[in-house]
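Q: Here it is, the structure, as structure tokens.
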Amino acid sequence: MQSNYSISYFLLILFTGTSSYFTIWNFVDHTRVGAFPEEDYIRLAYIIGGNFMTRLMFMQHFKSVLKYSDHFFRLHLITDENHRSDIHELMTSWNISNCEWFFHNLTEFEKRVAWIPNSHYSKYYGLSKLLIPEIIGNDIGKIMFMDVDIIFQTNIFDLWKQFRNFNNSQVFGMVENLSDWYLNKDGKKSVWPALGRGFNTGIIMFDLDKLRKNGWASKWRVVANKYLRIHGKTAMSDQDIFNAYIHDYPTEIIQIPCAYNYQLGALTKSKELCPETPLALHFNSQNKTVGKNYAFFDKIRKAFDEMDGSDLKRRRRSFKGNNQKDICHEYLPLDNFRIIPNAIGRMTKPAELCMVTQFSKDRLNHFLESANAWRHPISTAVYGKDKDLLDIAKAVTELNRTDITIHLVFEEPTESWMLDSLYPINFLRNVAIEHANCKYILMTDVDFVVLGDYGTIIDQTGNLKQKEVLVIPALEMTYPQLRLNLSNFLSRKDLVIEHLLNKTIQTFRETIWPSSHVPTNISKWIKSNRTYMVNYEKNYEPYFVIKKEECPFYDQRFGGFGWNKVTHVMQLKMMNYKFLVSPTSFMIHQNHNASKSLKRWRRDPHYQKCLHTLKNKFMKKTASRLGIKLR
């Protein structure tokens, strides 16, 4: 049976709409183990915003929590509007069975701390910790705040049990600050007051009932104003104000063992001040530390970076009614993955045109080559294991582009009876489309470099009418061993024509699969200086620009090699789309080794048969939905 509390609260929200925050419920049976009511679950609060790394660090942190604890978690995620949907998609797709979460709109509370002068890099996100007793609902008694740069090495429930040690006056639990900052030994800094070394606010245990009763909301503001008159601003953000408050109200703090916030910042003296074995590592510095023990602890952090998050919560395949005995079942890709949309970058303003693509680590160099040529926005989904995706994230960050948005899609473990995991190409395309903040999207694959006159492609895109797409001719080297310097082709149609006439370049797949791109009619393209229309032919699969709001999603049952683009273009034809060709732009294929799925297609007749069957089913279903009779 589900807990009466959960059911009652769910019904209250359903029928009265009185919940003050959005919630996703994942009901799980669990046994009451605690000494007071909150101990049958652990309630945690996070502030997630600012730099994209915050989301990646949150996932890294929560992996460490899940690794050592199977308790039930209730997370309170305090985010701004930009981050809420991304974190929601991460948590929903991760599908952790022993966790439910609630969102609180940080934007609504920003003004309550914006008046505080602050020179700390955390900006108002750090100061917002002061508002947690105001943000969290009045029906909640205890909660622990966590910075996302903390890695646990123990069961977090052991820390949660520290609430048992609070006396009647204690409202906060914190670890001592493991540096000399608040001692101000050199006397040169305008340091806020603190008890001794002060306390670090990376982890704060809040007794919310007592805080509300004691008038925290007004008292901390009085303290802040008092010391702002002296110091002018905060140097350590919220930590200065918390410590000044504790200085004035010393009976309200309980000191937590230092092992639960072993600080690794640039100024810390954790090794000499904390002899205990570290249980929670706090990487609380923008700069890498050069301490002797930092490298050792950084390896622990990197291990959680590389840890497969799916190992912490394995999920069932999302296919319903599939039978393991069906020979075609093993050729279907998974279609349920852990996702972080906008993991790197975000298109805050709608763009006119952006490239939409997808890739995995083995095609990273191709993406970098493509991105160097395409100077417009890019929305791309990236697929791989946790370690692979973080390596890719670092490489893309080094491009120093603000118009590239990366959506991370984490590879899932396959079932024992399945063949190798199929690359979920259409799932990835759909992710990249969904999160592209663009009016028009150029659908391409990452092993193509799009070249030509970008000014005219924007103009041609703007002239598209309803149910028209703009095809970008796809070309390739005639001989795979040829290596042409693509930088020479950036806007040189004349050079391309020269190579076409010399037969060193040809239409993509012209000899081995002519129906795929030959209908683009490259002979006409050579002579044209304006867009021209081409007829759809069977198995045509061009790359094209389309209005995003008109673009149907790709069928996610097609993964790896085989019919994944053909079926999408076929659907456009059934919807009466017209295919116009850009006379000024083109794309050139970057050679690469054959993928695993292509090799499988070539050697496995069952694979080919199953995908042909799936293609026919797709055609019939699409035709039926559109009211078309197939010939």
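Backbone N, Cα and C define each Cβ position, glycine as well.
Given the structure is predicted, the values throughout are model-derived calculations rather than measurements.
Feature table excerpt (Swiss-Prot):
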| type | residues | note |
| --- | --- | --- |
| CARBOHYD | N95 | N-linked glycosylation site |
| CARBOHYD | N105 | N-linked glycosylation site |
| CARBOHYD | N167 | N-linked glycosylation site |
| CARBOHYD | N177 | N-linked glycosylation site |
| CARBOHYD | N287 | N-linked glycosylation site |
| CARBOHYD | N400 | N-linked glycosylation site |
| CARBOHYD | N485 | N-linked glycosylation site |
| CARBOHYD | N502 | N-linked glycosylation site |
| CARBOHYD | N521 | N-linked glycosylation site |
| CARBOHYD | N529 | N-linked glycosylation site |
| CARBOHYD | N593 | N-linked glycosylation site |
| TOPO_DOM | 1-6 | topological domain 'Cytoplasmic' |
| TOPO_DOM | 28-631 | topological domain 'Lumenal' |
| TRANSMEM | 7-27 | transmembrane segment |
Q: In the structure shown, which of the glycosylation sites N95, N485, N502, N521 has the fewest Cβ neighbours within 10 Å?
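A: N485, out of the glycosylation sites N95, N485, N502, N521, has the fewest neighbouring Cβ atoms within 10 Å.
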Q: Compare the C-alpha of N95 (N-linked glycosylation site) with the C-alpha of each of the glycosylation sites N167, N177, N400, and give the closest one.
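A: Of the glycosylation sites N167, N177, N400, N400 has its Cα closest to that of N95 (N-linked glycosylation site).
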Q: For the glycosylation sites listed here, N105, N167, N177, N400, N529, which shows the highest count of neighbouring CB atoms within 10 A?
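A: When each Cβ's neighbours within 10 Å are tallied, N177 leads.
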Q: Could you state the whole-number distance in Å separating the C-alpha atoms of N167 (N-linked glycosylation site) and N521 (N-linked glycosylation site)?
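A: For N167 (N-linked glycosylation site) versus N521 (N-linked glycosylation site), the Cα atoms are 81 Å apart.
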Q: Average the per-residue pLDDT over the topological domain 'Cytoplasmic' (1-6) and send me the rounded value.
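A: When the pLDDT values over the topological domain 'Cytoplasmic' (1-6) are averaged, the result is 39.
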Q: Whole-number Å distance between the CA of N177 (N-linked glycosylation site) and the CA of N105 (N-linked glycosylation site)?
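A: N177 (N-linked glycosylation site) and N105 (N-linked glycosylation site) have their Cα atoms 30 Å apart.
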Q: Between N105 (N-linked glycosylation site) and N400 (N-linked glycosylation site), find the distance joining the two CA atoms and give it rounded to the nearest Å.
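A: It is 30 Å, counting Cα to Cα.
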Q: Restricting the comparison to the glycosylation sites N485, N502, N521, N529, which residue's C-alpha is spatially nearest the C-alpha of N400 (N-linked glycosylation site)?
A: N485
Q: Sorry to bug you, but what's the C-alpha spacing from N521 (N-linked glycosylation site) to N485 (N-linked glycosylation site), rounded to the closest Å?
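A: With the alpha carbons as reference points, the distance is 25 Å.
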Q: Indicate whether N105 (N-linked glycosylation site) is helix, strand or coil by DSSP.
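A: Where N105 (N-linked glycosylation site) sits, the three-state DSSP reduction gives strand.
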Q: Measuring Cα to Cα, how far is N529 (N-linked glycosylation site) from N521 (N-linked glycosylation site) in Å?
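A: Cα to Cα, N529 (N-linked glycosylation site) and N521 (N-linked glycosylation site) are separated by 14 Å.
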